[in-house]
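Enquirer: Input: one structure, supplied below.
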Amino acid sequence: MNTEKAVLNYFIQNLGNYTSGEELSNQLNISRTAVWKAVKQLKEQGYEISSKTRKGYCLVDNGVLNTAFINKYLHTDNLDLHVYETIGSTNSEAKNISSQRHSTEPLVIISDQQTAGYGRYGRKFESPKNTGIYMSILLENQHQNDLNPGLLTTAVAIAVSRTIKKLFHKDTEIKWVNDVLLDGKKICGILTEGVANLETQSISQVIIGIGINYTTPLELFPAELRERVGSLKELAEKYHVSRNMFIACCLDEFFAIYRNYTSADFMDEYRELSVVIGKEVRIKQGNKIITGVVSTIDDLGRIVLTDGQIFSSGEVTKIRY
Ligand code: BTN
């Protein structure tokens, strides 16, 4: 391992604590000059390293996305985590990788910015840099037919909601199927895409794309969206939660559910947070528009109307409260 990496690793293992140059040089068996040079190089690479006389150095999570920080906060093992500065779309990248990989480990692609981020129905997903969370999780089908895209979308919505509750002590609401709302404004959208295996006619992989307006200034959204979108900016600042920490917590919450997600034991929580149950809605499916009153969301994540109709996809376009 080169000196710079060794110093970075040491800082990460001791996050939040100051270490003197002397201590670093003793621990890593390198000269004081080598310590000084490594710190300088790390700073040039964008790491924020605070230094205090008599106390030494301390690495600061200043909000820049970083695999090392995410891994440090993460409690889930065996994730193949990749962080990019900029990318077209994390979902597209996960799809590209999906055809070439042999590993069964879940793959997580995160980017600071997306130049071609997309949402449901191919809509553009605004993905400005330094502010949002754009992340895709690629899951491999390990047991027969255990990937249910609809139910996985609901599982992620619950994981995001639990993360917000845990880190910011705030309740969210969920608009079926993929929007997480805070104070009535959309702060997170989820887009789940299945990769079909034509031979076995089953879903062999699933890519779950999660887009969160974290500290995104609302002015960056087109005027027509500004009324309906929100962000976690105020809460993230109030509780000093970096994107790295939020991502790690969200992944932990999701994988805790995923282990046993087909049991659907998180669905009661989903129904509690749902803003559509008991409401009159309009569901758009292609050119078809169906109206009705929502009776429930079933344990497969489908919307059930009081007249018995069941939908596993579609867009709830209007809700009468
Ligand atoms: C929606 O609200 O319609 C879903 C939005 C999903 C956006 C995320 S951002 C990360 C991933 N990459 C994409 O291009 N889209 C998803």
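Cβ atoms are placed via backbone N, Cα and C, with glycine included.
Curation does not apply to TrEMBL; its annotations are automatic.
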Enquirer: Labelled DNA-binding region by TrEMBL, one stretch among 1-20, 21-40, 121-140, 221-240. Can you tell me which?
Expert: 21-40
Enquirer: Report, as numbers and ranges, which residues of the same chain sit near the DNA-binding region (21-40): CB under 8 Å and 6 or more residues beyond its ends.
Expert: 3-4, 6-8, 10, 49, 51, 56-57
Enquirer: Determine how many residues of the DNA-binding region (21-40) DSSP places in helix, in strand and in coil.
Expert: 17 helix, 0 strand, 3 coil
Enquirer: If you draw a 10 Å sphere on the Cβ of Ser89 (biotin binding site), how many other Cβ atoms land inside?
Expert: 22
Enquirer: Under DSSP, is Ser89 (biotin binding site) helix, strand or coil?
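Expert: Once the DSSP labels are grouped into three classes, Ser89 (biotin binding site) ends up as coil.
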